[in-house]
Amino acid sequence: MNLFNLDRFRFEKRSKIEEAPEAAPQPSQARPSSPISLSAEEENAEGEGSRANTPDSDVTEKTEDSSVPEPPDNERKASLSCFQNQRAIQEYIDLSSDTEDVSPNCSSTVQEKKFSKDTVIIVSEPSEDEESHDLPSVTRRNDSSELEDLSELEDLKDAKLQTLKELFPQRSDSDLLKLIESTSTMDGAIAAALLMFGDAGGGPRKRKLSSSSEEDDVNDDQSVKQPRGDRGEESNESAEASSNWEKQESIVLKLQKEFPNFDKQELREVLKEHEWMYTEALESLKVFAEDQDVQCASQSEVTNGKEVARNQNYSKNATKIKMKQKISVKPQNGFNKKRKKNVFNPKKAVEDSEYDSGSDAGSSLDEDYSSCEEVMEDGYKGKILHFLQVSSIAELTLIPKCSQKKAQKITELRPFNNWEALFTKMSKINGLSEDLIWNCKTVIQERDVVIRLMNKCEDISNKLTKQVTMLTGNGGGWNREQPSLLNQSLSLKPYQKVGLNWLALVHKHGLNGILADEMGLGKTIQAIAFLAYLFQEGNKGPHLIVVPASTIDNWLREVNLWCPSLNVLCYYGSQEERKQIRFNIHNKYEDYNVIVTTYNCAISSSDDRSLFRRLKLNYAIFDEGHMLKNMGSIRYQHLMTINARNRLLLTGTPVQNNLLELMSLLNFVMPHMFSSSTSEIRRMFSSKTKPADEQSIYEKERIAHAKQIIKPFILRRVKEEVLKLLPPKKDRIELCAMSEKQEQLYSGLFNRLKKSINNLEKNTEMCNVMMQLRKMANHPLLHRQYYTPEKLKEMSQLMLKEPTHCEANPDLIFEDMEVMTDFELHVLCKQYQHINSYQLDMDLILDSGKFRALGCILSELKQKGDRVVLFSQFTMMLDILEVLLKHHQHRYLRLDGKTQISERIHLIDEFNTDMDIFVFLLSTKAGGLGINLTSANVVILHDIDCNPYNDKQAEDRCHRVGQTKEVLVIKLISQGTIEESMLKINQQKLKLEQDMTTVDEADEGSMPADIATLLKTSMGL
């Protein structure tokens, strides 16, 4: 804005003042004229329009906040300030802010504070004519309120100073403070600075402000010609903006009551990240509020083996860093209402790196905005040149906007001898551009983030190792004996004592961990022993244990068996039952140390989630922690809001499909360490695994990086290492040739689906081609082949003779039958008398390649005296298997997802005690978790899962602690079908776990071997 425009605004304002009616009473009649009153009026002038139309409820709220009511226009005294017309200046500032990308919290509408009713603040120096005025009539509040106002004033002054420093970086703080003290508003200070210093301080800002001023001149010319009606609309808009600001400030004050340790500016930033949604901001703050009580081992000190007391209250600077690292990270799931396109911005990356400790890779990318070219420092030039020269195609695809084809083109252009040659070659090829070169910086920064995480984790691991070594060397020992609270008739295995000591060690250092022992090694017992240890140390809870529904009875039983001293509350049941439990908890009618609940009950409703957000839990233990492998899922986000000081995951399969799942688990247990780097972790570890012979050097490095990162936080032991006396487990692949009829049906289905794919036909079968092929490979009756449409029409007519269907429509009955499988129709024929003759023959029911093989296998096992646990993915397959077992007169029990939770434990007990029961039928999903079936020694997988770890879970129902016989695992695979491909893929997935857990030649041991070995040494094991 130039001086001419400013003078014109003053002239217009003076004209309005001269035209104003003289009969209006002046404020001086009610109180002495002073610069104080002038400043106060000037401070509140902007919000006048909004207060005129405020409803009664809003007026009441303002009274409670002790805000100053504004006098009407006709009572205002004419101000003599040279910056009267704030509207025009505000337009100028808004335009400049848009151009400069200035944060909204720097604008006056956010930074200005409302002052209480009786407080008068001096914001401008009095003139010589007014210095003689006394101030005896000025009333003040009590000292505490006055201190609060002074604190608010200081915050306001600091915010204004920070804003002016951004706009005028070449000016000293003292000059800018004088401007702030001489004016009452942010707009006035900026306008005064523009008059005194010129447009703004140098560089790109100067050019942008100049262009903004030119645009503002045009807008000023237009504003002179505006009719009064338009100016009235502007006034309404200004009033609306002021009203929005007041609402935002009320939200900030409301949030500050919940978190008094946070500054208002920090709370504003949190609210802006959540689009001023109070409830979402409150939940985010609550998630990380307890993290202030938990410090990373890198931040703690260890002296002579004694625990240094945790610092419960962070300093303000630490809190600010924490807020920016955590709260600013938005959830990566459906909670985001708007998901903006992630476009790499070099300038923003540099600015972000100044405060984000999780992504500040020491950025040396320097943008020169005085010209159109982007200039990059030589350090990054060399890194980018080397990256494009040596990276594989898989690595190049990590570059934003770089597809597989573009990566292939880049490799064909090699070698790149220098920077200029790189630009020349890239610009000549269609589809390639200079943007790919600049975007390489993103990948390099992400790698730097991973390297920093590795270094941080290595420091933690070294401290833990040093601590155990020191304790062992001093002879003090780290041998946490079995807690006395545990049942004295039961004893922990030696390796379980090592697990207990490891849990105690990471707890002492303020870390959270993942107990990832192989299935069947007693993770449940180790967790219960750890809770007993905490109880003896004075930490009596409350603790939370979240488990799958199928294992809740087993957990309750084990806790009562191993540690009856712990008071356990089971949070499970219908909505009404859980409502009563919540009522008892809130009113402290329940006496408990541990709450046991299921994943579904913990997060199924808002009331359930609210309960665990409000409860201040010490430890939250999550059984089958691999259910948290997807950090983008709603379940993951809901469980993250559980208000627990510490977290412990129990999982037998920490690595399943890719390394990202493992990183998701780490982010869950240590959010204050990993949450600031989730985007980098997601990109670096999300690629699929490959066989060892196809892995590039980079992919092997990724596995090494992941091993280094997880080392301090995870304890993983396999049965072969710790259970020397555990009977071995043998795996056997049984290739089953399909029956002649089944092979014909499979070939016909395969050709039909293949033809549909080639013709790009969109039909219902194409929705799940793989599932259709799997079902046919298992049993033909899982499709409808034998019940032709003609048969179904006859059956639908006969159904009208049934008393239950005498008035039914045969066409509708026919439609219902069309979507049923052969076996479902067979069961239907058995239920109704008039269609009983349409039942399938037993030969058709048993006509399956797997059934032929299974019949022979079961006969042999029964003769040997073995007992069998038989798993299937499909409940309908279990129905057909029941027919097979009845036909061969084998006694059996069945458990699947439809079995009531209360009945499951009784079925398990019955099978383990009644040795005459030969087979236990189980669905893989319902019966593969947390069930002890050591009375059986043979596991048959009728059909394998796409996830091999689900099958491993099923196998370990028998191969676990307590097993006395050799365990045989038989997998039935239909020969020449899709199941052979599934088996090959599953073997590749299992290879990833081997890569993560086996000992490399260059390493001293597996992931936690150094710590675990030292613990065993200190315990004399």
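All residue numbers here begin at 1 and follow the chain in the order shown.
Just so it is clear, glycine is given a Cβ too, placed from its N, Cα and C backbone atoms.
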Going by Swiss-Prot, point out which residue in S50, S66, S144 is annotated as phosphoserine. S144
Which residue from S124, S403, S606 is recorded in Swiss-Prot as phosphoserine? S124
Per Swiss-Prot, the range holding motif 'DEAD box', considering 136-139, 208-211, 424-427, 1000-1003: 1000-1003
Position flagged as phosphoserine [Swiss-Prot], chosen from S145, S359, S363: S145
Taking the binding-site residues one at a time (A516, M519, L895), which has its Cβ surrounded by the most other Cβ atoms within 10 Å? A516
Sort out the sequence-distant neighbours of K898 (ATP binding site) for me: same chain, 6+ apart, CB within less than 8 Å of its CB, listed by position. T875
Return the residues near G522 (ATP binding site) by Cβ distance under 8 Å, restricted to its own chain and a separation of at least 6 in sequence. K493, Q496, V961
Around Y892 (ATP binding site), how many other C-beta atoms are within 10 angstroms of its C-beta? 17
Average the per-residue pLDDT over the motif 'DEGH box' (623-626) and send me the rounded value. 83
For the motif 'DEGH box' (623-626), the DSSP residue counts stand at 2 helix, 0 strand, 2 coil
